[in-house]
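Asks: According to Swiss-Prot:
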type	residues	note
ACT_SITE	Lys166	active site, proton acceptor
ACT_SITE	His285	active site, proton acceptor
BINDING	Asn114, Thr164, Lys168, Arg286, His318, Ser370	substrate binding site
BINDING	Lys192, Asp194, Glu195	Mg(2+) binding site
MOD_RES	Lys5	N6,N6,N6-trimethyllysine
MOD_RES	Lys192	N6-carboxylysine
SITE	Lys325	site 'Transition state stabilizer'
Amino acid sequence: FVGFKAGVKEYKLTYYTPDYETKDTDILAAFRVTPQPGVPPEEAGAAVAAESSTGTWTAVWTDGLTSLDRYKGRCYHIEPVAGEENQYICYVAYPLDLFEEGSVTNMFTSIVGNVFGFKALRALRLEDLRIPPAYSKTFQGPPHGIQVERDKLNKYGRPLLGCTIKPKLGLSAKNYGRACYECLRGGLDFTKDDENVNSQPFMRWRDRFLFCAEAIYKAQAETGEIKGHYLNATAGTCEEMMKRAVFARELGVPIVMHDYLTGGFTANTSLAHYCRDNGLLLHIHRAMHAVIDRQKNHGMHFRVLAKALRLSGGDHIHAGTVVGKLEGERDITLGFVDLLRDDFIEKDRSRGIYFTQDWVSLPGVIPVASGGIHVWHMPALTEIFGDDSVLQFGGGTLGHPWGNAPGAVANRVALEACVQARNEGRDLAREGNEIIREASKWSPELAAACEVWKEIKFEFEAMDTL
């Protein structure tokens with residue numbers, strides 16, 4: 001075999017191609033690379049491209065049997081990270097043919113697989129991915145999307161309200177159902193299974209599904225509004241998960257739930273297909289995300305996990321609350337919130353968006369703000385997230401001194417007051433506390449909630465309107 005030369009050669013000779021013009025069909029990745037001391041950035045970037053595509057550590061005879069130029073990943077641009085020593089953003093282009101159609105699992109196995117244990121790198125983080133329409137079109141995506149969900153629920157022009165039922169573990173099915181009923185009757189749109197409520201000895205899944213369905217129908221009959229409870233179908237096997245989803249459909253409930261990272265993308269995509277085929281909405285919880293996305297220099301940013309979920313399928317996903325966080329973090333959160341909801345998102349490095357993303361007609365996902373929020377946060381949340389969001393108050397509903405239903409009333413009154421104020425042209429950023437105070441004058445439930453959680457010392461600037 002002519003021209004085969006055994007031995008180890010530098011990656012950059014093959015995989016670093018600064019002159020490469022990216023194709024519209026390429027999947028593009030932005031990696032934050034921290035090379036080991038003495039490893040030049042070109043070699044590190046090329047190593048990432050090689051190890052996440054066609055390369056291996058030594059030249060192999062079988063390379064001659066295929067066209068490497070057609071299939072290899074290419075590191076096409078490298079830039080140093082401002083303010084960091086020896087850290088670079090390396091841009092890698094992958095040819096479309098490297099990935100199985102409609103499989104987030106396969107995409108991640110390549111792009112964030114073995115390469116993350118690579119010795120020449122001290123650390124590696126995937127910051128963003130550009131998914132080309134040629135690839136995204138091979139996915140079903142979210143079962144229904146934002147507009148279809150609004151039509152199913154007949155709720156328009158405001159964020160939706162939810163509540164995670166607490167204590168998350170230990171209630172019997174009957175008491176759990178009662179807690180759901182109280183919240184829904186009080187004015188919430190949804191109640192939620194906690195992510196770790198699956199099927200434990202104190203409450204088996206089937207009993208919970210039954211009592212929660214009863215709660216939904218009773219609350220619907222009393223309020224004249226459509227209600228839902230996120231029934232967590234997450235299970236130890238895919239078969240068991242599907243069995244739970246089927247039972248939910250038989251009960252006629254509107255929505256089920258899945259923990260997509262612990263459950264896995266393969267299970268999630270199967271469930272999303274079932275949900276579209278059977279008219280179920282799908283709520284997604286991101287338990288385990290911080291294991292992957294919390295380190296600044298290693299792992300994968302949540303915006304990548306969010307894009308992956310939009311491909312795999314989900315109608316709601318937890319996306320942080322922004323409230324009380326730093327300004328920069330707000331921009332970055334809103335960056336991936338837009339990636340979840342919008343059709344077309346421009347590249348904007350100040351919001352952490354490394355690539356222009358065109359989803360074409362893939363349905364959007366509703367971001368869910370949940371965790372440590374209460375009535376005083378309502379103006380900020382309405383302003384930051386806008387109408388296409390779900391605001392979830394667990395303790396902020398169930399912690400009300402008069403009980404669950406009054407807690408739900410307080411949240412609904414606060415929300416309606418904020419939406420009305422916004423529609424009248426008032427500035428929620430500056431008048432938020434005032435709006436809540438006014439509303440509490442004619443709602444004793446809200447007044448009691450305001451008293452418990454007192455005004456929070458939280459001044460937030462109006463967002464830059466572009």
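Backbone N, Cα and C atoms are what each Cβ position is placed from, and that goes for glycine too.
Please situate the listed features within the shown structure.
Replies: Taking a C-beta cut-off of under 8 angstroms and a sequence separation of 6 or more, Lys166 (active site, proton acceptor) has the following same-chain neighbours: Asp194, Gly394, Gly395, Leu398.
Summarising the environment of His285 (active site, proton acceptor), the number of other Cβ atoms within 10 Å of its Cβ, over all protein chains shown, is 28. In this structure, His285 (active site, proton acceptor) is part of a beta strand by DSSP.
There are 23 other CB atoms within 10 A of the CB of Arg286 (substrate binding site), with all protein chains counted.
Long-range C-beta contacts of Glu195 (Mg(2+) binding site), restricted to its own chain and to partners at least six residues apart, with a cutoff below 8 Å, comprise Asn232, Thr234, Asp259, His285, Ala287. The DSSP secondary structure for Glu195 (Mg(2+) binding site) is coil.
Proximity of Lys5 (N6,N6,N6-trimethyllysine) to non-local residues of its own chain (separation of 6 or more, Cβ distance below 8 Å) is seen for Ala59, given in sequence order.
Here Lys192 (Mg(2+) binding site) comes close to Gly162, Cys163, Thr164, Ile165, His229, Tyr230, Met257, His283, Gln392, Gly394: these same-chain residues lie at least six apart in sequence, with C-beta atoms under 8 angstroms from its C-beta.
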Asks: Reduced to three states, what secondary structure does DSSP give Thr164 (substrate binding site)?
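Replies: Thr164 (substrate binding site) sits in a strand per DSSP.
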Asks: Do any residues at least six apart in sequence from His318 (substrate binding site), in the same chain, have a Cβ closer than 8 Å to its Cβ, and if so which, in order?
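Replies: In sequence order, Ile284, His285, Arg286, Pro367, Val368, Ser370 meet the Cβ cut-off.
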Asks: Neighbours of the Mg(2+) site Lys192, Asp194, Glu195: Cβ within 8 Å of the Cβ centroid, same chain, sequence order.
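Replies: So the additional residues around the site are Thr164, Ile165, Lys168, Asp193, Asn196, Val197, Tyr230, Asn232, Met257, His285.
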